[in-house]
Amino acid sequence: MSKKHQTLGEFIIENQQAFPYSSGELSRLINSIRLAAKVVNHEVNKAGLVDITGAAGDTNVQGEQQQKLDVYANQKFIQTLTNREIVCGIASEENDEYITIQGHNNDHKNKYVVLMDPLDGSSNIDVNVSVGTIFSVYRRVTPVGTPVTMEDFLQPGNLQVAAGYIIYGTSTMLVYTTGHGVNGFTLNPAIGTYYLSHPNMKFSEDGNIYSINEGNYAQFPQGVKDYLKYCQADEGDRPYTSRYIGSLVSDIHRNMIKGGIYIYPSSSKYPDGKLRLLYECNPMAFLAEQAGGKASDGFKRIMDIKPNELHERAPFFCGSKNMVEKAEEFMQKAKTK
Ligand code: AHM
Ligand code: MG
């Protein structure tokens, strides 16, 4: 039940019992993400000052080395999760290999792994456009007490226990699911508290926004080209509106609120698409499904793909259920032609 003026802290405590293996660990994990997000938010908000205080790689007035924001965000999330001894491993889009985390007593007693894209869409920072953090949480599959292995990270999305994103936009929001619907919390920067502002977020079944980088049209598979023509046709409730920020979190967030589809298909340039299955597609797919939407690679459910490597890519169709199904229909039709 959502209450007026409920804070994220209160919400987490109240909903902890809903977890099947509740030991408070997952709650602490979400808590530490919320903390790291505040720190990153503070830094992202200062990004416009970079020309004044020095660009990445320069030395600032305090004599400190300026960092690229995505590197900074990566470090902050890793640091926060490591210091609190909550997870046994982290994989990040920014790191080639996963990180093994052991407790102060050199044990490996924690049971969750986190996979994340610490600052997605970071090329948008230079132009003051919203960026985001995406995270995905799994229970480890190897025994507690032993170091994590690749197996712990290469799990299909349908085994996620939590996923979410932080959007650093006109306001900063944390949106997440633990498999019981999707809830959005807005940060009040004056006091550093997140409030439940978007309880039980839902994709409408139908929508009228499509989001895709149409500049790549000539490289798209025929099914996507056909679907785009369908979206643009002057029939029924169409043409749909085209909206593309080029920042996955922002595009999905808008479509979840307004109803729409996001597509990053395969192309002749990116035969497997551009987005990363583990850091981008799976967490967004979990959120989408929990919000009543759908996520597919054009033919099958994203969350049923068994990953083979950490940085694997996948074509991505995500959003309002009927729109994704319509796009799949066009993909199938073009394939069997
Ligand atoms: P990144 O992880 O390097 O930031 O790339 C992911 C981003 C997504 O946020 C966005 O939807 C997409 O790449 C945009 O790609 P493009 O510029 O090819 O349209
Ligand atoms: Mg990314």
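Here the Cβ of each residue, glycine as well, is placed from N, Cα and C on the backbone.
Unlike curated records, TrEMBL annotations are generated automatically.
Together with Asp117, Leu119, the Mg(2+) 1 site in TrEMBL holds one more listed residue from Glu93, Glu94, Glu97, which is Glu93.
With Asp117, Asp120 listed by TrEMBL as binding Mg(2+) 2, the candidate from Glu280, Glu289, Glu309, Glu312 annotated for that site turns out to be Glu280. In TrEMBL, the substrate site is described by Asp120, Gly121, Ser122, Ser123, Asn213, Tyr244, and among Lys76, Lys274, Lys294 the residue recorded at this site is Lys274. Across the domain 'Fructose-1-6-bisphosphatase class 1 C-terminal' (205-332), the prediction's mean pLDDT works out to 98.
Across the structure, Glu93 (Mg(2+) 1 binding site) and Glu280 (Mg(2+) 2 binding site) are spaced 9 Å apart at their Cα atoms. Of all residue pairs in the substrate-binding list (Asp120, Gly121, Ser122, Ser123, Asn213, Tyr244, Lys274), the one with the greatest Cα separation is 17 Å apart. Only Asp117, of the binding-site residues Asp117, Ser122, Ser123, place a Cβ under 6 Å from an atom of ligand 2.
Take the mean position of the Cβ atoms of Glu93, Asp117, Leu119, the recorded Mg(2+) 1 site; other residues of that chain with a Cβ within 8 Å of it are Asp70, Ala73, Asn74, Ser92, Glu94, Met116, Pro118, Asp120, Ser122, Thr133, Ile134, Tyr279, Glu280.
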